[in-house]
Amino acid sequence: EGACARHGGAGSEASNGEARSAAPARVLVPSSGEGPQNSGTHVIQEFFDHVKKLWDDEGVKACFERSNEYQLIDCAQYFLERIDSVSLVDYTPTDQDLLRCRVLTSGIFETRFQVDKVNFHMFDVGGQRDERRKWIQCFNDVTAIIYVAACSSYNMVIREDNNTNRLRESLDLFESIWNNRWLRTISIILFLNKQDMLAEKVLAGKSKIEDYFPEYANYTVPEDATPDAGEDPKVTRAKFFIRDLFLRISTATGDGKHYCYPHFTCAVDTENIRRVFNDCRDIIQRMHLKQYELL
């Protein structure tokens, strides 16, 4: 899961050759490797008719219930249930449709944007095994790393070998980044993503976390844990357990040179992301000022 970003001083777009106080900050984000896409491909009506028949089939529905056992894109159910509207000749994607679209991140994608007169320079990098060797060119002068972990993947396997647990792989990758000697002073903003899908799985009760992480059976929610309003205690316990798996790694070194800032996120919930990004913006700005000895 990945991305990398730079953030500049207010109203500035400074280069490395300018004053240290104006130098852009960079943020590296290892992420799930999924993002919006629009292929523009023309699809005939017959295709939609066949898709609808397949989705209405009980055998296909039964296979979908076991989708954690094979590779199926997260947005499959969302679009299959909306096949009638998607197949319309004058169909125009809604904001939610666009947010639900996914494509694997391959290579490095660079994005620049400004929030409250503060410039950000972000690089999105793929988290798949064969993509990680490309990260090295993004590490120079990084201000912060945004690490995006799919919490709902606790019962899934990676596409590279169809054997390794996805969440275990994410934890191992996080540990390798956290302990990388070149990144010992770079803090990580941890996005514990896909909270909506995690809640669905936990409440459905078909895939128990303890079947994949035995230590969950004895896990107790910390006293300072704050659940969302109306949140089921089972969901609260699950999400804080996964959070603590990552924090256990980040607190193991205890050198005080870098920190982990966890956030529970749902990428398709715009209000949630807006709140989280505001927090991240403040964190990145503080990191930037500290990096250049202005704080």
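Keep in mind that glycine also has a Cβ here, set from the backbone N, Cα and C atoms.
Keep in mind it's a predicted model, so treat the numbers as computed, not measured.
Per TrEMBL, the feature region 'Disordered' maps to 1-40.
Summarising the annotation, TrEMBL assigns compositional bias 'Low complexity' to 12-23.
Residues annotated as GTP binding site in TrEMBL: 99-105, 124-128, 193-196, Ala267.
Sequence annotations record features per position, and here TrEMBL assigns Mg(2+) binding site to Thr105.
In the three-state DSSP assignment, the secondary structure recorded for Leu99 (GTP binding site) is helix.
Counting every protein chain shown, 27 other Cβ atoms lie within 10 Å of the Cβ of Asn193 (GTP binding site). If you draw a 10 Å sphere around the CB of Asp196 (GTP binding site), it holds 15 other CB atoms from the protein chains shown.
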